[in-house]
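Per Swiss-Prot, the features are:
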- 2-29: domain '4Fe-4S ferredoxin-type' (DOMAIN)
- C10, C13, C16, C51: [4Fe-4S] cluster binding site (BINDING)
- C20-C43: disulfide bond (DISULFID)
Amino acid sequence: MKVSVDKDACIGCGVCASICPDVFEMDDDGKAKALVAETDLECAKEAAESCPTGAITVE
């Protein structure tokens with residue numbers, strides 16, 4: 001699955017990094033970033049579904 005984060009939509013709540021720390025972390029600007037471009041981890045989907053702004057895409 002391909003993972004991406006829309007930095008403009010991200011509000012920096014950190015839910016994704018809490019749910020799936022192997023895939024997401026918060027950058028120096030307080031925004032989420034994907035640590036990997038692709039993953040098979042189901043938590044990436046859960047993080048995308050939990051994102052309050054829909055900033056995470058998992059395809």
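The backbone N, Cα and C atoms fix where each Cβ goes, glycine too.
If you take the Cα of C10 ([4Fe-4S] cluster binding site) and the Cα of C20 (disulfide bond), they are about 16 angstrom apart, rounded to a whole number. Taking C43 (disulfide bond) as the reference point, the binding-site residues whose C-alpha atoms are within 10 Å of its C-alpha, out of C13, C16, C51, are C16. Neighbour counts of Cβ atoms within 10 Å were compared for the recorded positions C13, C43, C51, and the top value is held by C51. Take the CB of C10 ([4Fe-4S] cluster binding site) and look out to 10 A: across all protein chains shown you find 23 other CB atoms. Ranking the recorded positions C16, C20 by how many other Cβ atoms lie within 10 angstroms of each Cβ puts C20 at the bottom. Sitting within 8 Å of the Cβ centre of C10, C13, C16, C51, and not among those site residues for [4Fe-4S] cluster, are the Cβ atoms of V5, I11, G12, G14, V15, F24, A32, A47, S50, P52, T53, A55, I56. Mean predicted confidence for the domain '4Fe-4S ferredoxin-type' (2-29): the pLDDT average there is 98.
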